[in-house]
Amino acid sequence: MASPAAREWLGIQSLPGATQTKLHELLSKLKQENVSTVTILVMGKGGVGKSSTVNSILGERVASVSAFQSEGLRPMMFSRTRAGFTLNIVDTPGLVEGGYVNEQALDIIKRFLLNKTIDVLLYVDRLDSYRVDNLDRLVIKSITDSFGKEIWKRGLLVLTHAQVSPPDGLDYADFYARRSEALLKFIRLGARIKKQEFQDSAVPVVLAENSGRCKTNDSGEKVLPDGTAWIPNLVKEITDVILNGSSPITVDQKLIDGPNPNDQGKFFIPLILAFQYFFVAKWIKRAIKNDIKNESKPLWELRDMGLANREF
Amino acid sequence: MAFSAQHQTLGTQLAGAVPTRPRRPPVSSSSIISASLPESGVSPHQTSSSRPLHWIRKKTLALSSASAFAAAAGGGFLFHLSSGTRPPGNPGGGGGWGWGSGGGGDGGGFWSFIFSPLSAIAEEDQTAAGGGQEWDSHGLPANIVVQLNKLSGFKKYKISEILFFDRRKWTTVSGTEDSFFEMVSLRPGGVYTKAQLLKELETLASCGMFEKVDLEAKTKPDGTLSLTVSFTESTWQSADSFRCINVGLMPQTKQMEMDPDMTDREKLEYFRSQEKDYKRRIERSRPCLLPFPVQREVLQMLREQGKLSARLLQRIRDRVQKWYHDEGYACAQVVNFGNLNTREVVCEVVEGDITKLDVQFQDKLGNICRRNTQLGVIRRELPKQLRQGHVFNIEAGKQALRNINSLALFSNIEVNPRPDEKNEGGIIVEIKLKELDQKSADVSTEWSVLYLVAKDLPTLASLQPGGTVTFEHRNIKGLNRSILGLLTSSNLLNPQDDLTFKLEYVHPYLDGVYNPRNRTFRASCFNSRKLSPVFTGGSALEEVPPIWVDRVGFKANVTESFTRQSKFTYGLVLEEITTRDETSSICTHGTRALPSGGLSMDGPPTTLSGTGVDRMAFAQGNITRDNTKFVNGAIVGERNVFQLDQGLGIGSKFPFFNRHQLTITRFFQLKEVEEGAGKPPPPVLVLHGHYGGCVGDLPSYDAFTLGGPYSVRGYNMGELGACRNILEVAAELRIPVKNTHVYAFVEHGNDLGSSKDVKGNPTEFFRRVGHGSSYGAGVKLGLVRMEYAVDHNAGSGAVFFRFGERF
């Protein structure tokens, strides 16, 4: 699927002025670091608000969002340029279908991303769901299996529906901390990253609230319950991730196919063969010889061989 | 006769007596021990061979131990065997032990006490005399005692009972309860003439058991006679040592007649020389097999008794012979007791030394015919204990029988020991073989009914004729080489659909028939069609479209047998593998039904080449170490198998791989039990481990699958996953109950995380777990195992019926 030619980012103008300023600041910061193109991959389960987040960032209604069904069956890339800077956002369909990870959808995403470079992965989930289950792990695992562990160094955990009233007895900060901690733990498990390693390069957590009823601050920016404007915050985190020194993920055929297990260790086959011959086969042969030697012969045979000494 | 003639020191009388008694014909000799070999006694390789054809033929194997022997010895040999099974209507037949006393009762220093297996009145005489059991009344008043010579010579008397009267103890015993009964050839209910009775008396008097013996007849009211044998037992001075010597193949000493006119001096001389002769004889005799414990037992008998009586000798003889016969030395017999009236009793035994091994081939009618099989083929199957110079043992005979039987070349096998007429005490082992036809062909057909739905009657279209055509050309060149062809189709109308064929050439004795190394070369063309367990759904996934794996190929290998069960096989396989879907069309990828109802066609690739057809050549090796044996029917021991497929880089996509499997199974006997038929088997603990791995190219059809009755019980074939490395562990405890056993088991199978290393990850694609455990219990019902297994992943259990053993 050919990506449409990058369009001028007009949507940015629909964002509140303060946000625009901040975005421009961040973009220029990236440009200073010689980054002129950023590709953001948005992934997550279905119905968590991936497309809405994309819309919010771009300030355009690029991805159709519906409350009751997932629209995107195939990944969509939205490219916007602004002052020589290109922003590509890839919106993907939900990865879950029928209680399992939809391998097919993942496969389509992978093929879609062929020959593209992923700068940032936004793993989107809801803040307002309470539980993390095995499915989350499977989703994270399949993302890891597809793009490698390294993708999480470029990963961002985006929690949507940030304007949630936490359950009784928990204050917002607490709830947020626990929810993000639970999800991060699953990311660590699903991606099979060592604890130490994970702590060194933690996946940042960003909150988002795409709803139109989101509170706004004085300058009209959408703000979180704690008062921060989340879009600039998100973009700031994205720039931080881009600039954190890890390399972006380039999706090529090899990455899509995964490592070919059939080629692993082929080099050692002669060695393995020699080991099998000299140790395993010889060992069994020796055991057989022992068996023959220790075979208990019937008495009449022993007597015949003159071994009985008339004792039996 | 051969063994006994020279023993008869009272030869003059007996010489006349013996020839008048025709030998019993060997056919009617009831002392044949026929051993018919049960089919289960054959090595497992044979039974598991795919040639059930061989087992249709009944193999009767008569191992006639000493049958001919008995016949030659005039029916006297092996009294115990023949007495029980005497054909009815011959009450007087059968054997009796003749006991000859040597040198007369008043001799002195040297005594020889001889068993001479004298034949008693033979059946022919009996039937002639008895003439259909007609008899004459004695015609005398009842209840009077008549001297034997007072009886009429023209009448045929019926003896209604025989009593023994011991003059020394002054007791009367009913005939059948006395140990001397076996000496008497007369039987209650028999009809005899006076001459016969007199002859019997003569025999008894001369047998050496009695110092004095008499026969008295008492008339009975019903016209029959009651016969009383009144006797005084012979006794000798007590002895305190016992020696057993093997006199087989030794010329028997000729005993000179003692001239009654000898002076005392001459007599002394005579006895001295006899004594010297006997000493020399003892020295020259070979040591016998009789072990010391039995000797001690006999010694104990001697000590307890004090005086050495004829009865005691009889008991000693029985004890010694019993040991020999119990141990399988069926041709062994006590022929003589020597050195009586000294402190040492010498028991002379003929153990049955083999003087010749004779292999005969018979045609269907039992006539000796030309052989096709080379002798070396048979000779290498015979235990060396059957060769010349060894003592014949029935177990060696049985082993020969089993070994020859496992060649599957003969329809009938007999191993007979026969006395060697030219060599006293020698045995000729005769092996009689009937060869099977070299060429055989077999066609079997069957109808199968397709799609028989409840209400529908089968129509012509739903009936499928199927069948198998087999041909075999066996024993080519007499070297047991064979060609076997097999063609099976379940639909003869359209055989190309599922034609299974196999053409195999077997070439045993690769290193020569006379080389002890046992290597067999096999070459075969084959095809097979199997449902791939790799493309099977996990427990959560309902239906997975099946993938059939068709293999056509050529295989050549060499098998070296180290023992009956342990062997090493190595060879080469060339094969073409085609994967097909349900519709028999070639498919390249596995498919899975999507929740939306569609089919996902991008499953794991079925072949290495990706085209659905792979060709490859690889080397194959298998080494099996198996020292399991049966202890009262329970299997005990250890079995290790290492199997290796080594890709050679020849074929589609140049497959180069090393696929290896190691299986270790141990059967621990948990309790020592006494071995023997009918004894209960011990409880057994089975531990089993199986590791498999593959390095290099691994097409889906060669991936290891987890789950199934031979992997992890309680799951379906492949339900747990398909992987590159596999580890299975299992434990089973078998407890014998009555004639069968119950068992409990725990099993676990694991992919060791290697499922992802199979291309396309079929484990994940079909939503399988990749590992699983199960536990359960079951009972063995004949060949069928009934077990309840709990699938630990789902936590639910089910009852399964399986054929054969898991391990």
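Each Cβ is built from the backbone N, Cα and C atoms, and glycine gets one as well.
Because the structure is a prediction, the values reported are computed rather than measured.
Positions annotated as domain 'AIG1-type G' by TrEMBL: A:35-259. Averaged over the domain 'AIG1-type G' (A:35-259), the predicted model reaches a pLDDT of 82.
The GTP binding site feature in TrEMBL is assigned to A:47-52, A:66-71, A:HIS161, A:209-210. All chains included, 18 other C-beta atoms sit within 10 angstroms of the C-beta of A:HIS161 (GTP binding site). For the recorded site, A:HIS161 (GTP binding site), the DSSP three-state label reads coil.
Annotation source TrEMBL lists Mg(2+) binding site at A:SER51, A:GLN69. Secondary structure from DSSP puts A:SER51 (GTP binding site) in a helix. Packing around A:SER51 (GTP binding site) is summarised by its Cβ count: 26 other Cβ atoms lie within 10 angstroms of its Cβ, all protein chains included.
In this structure, the binding-site residues A:GLY47, A:GLY49 were compared by how many other Cβ atoms lie within 10 Å of their Cβ, and the smallest count belongs to A:GLY47. A:ASN210 (GTP binding site) has a Cβ environment of 22 other Cβ atoms inside 10 Å.
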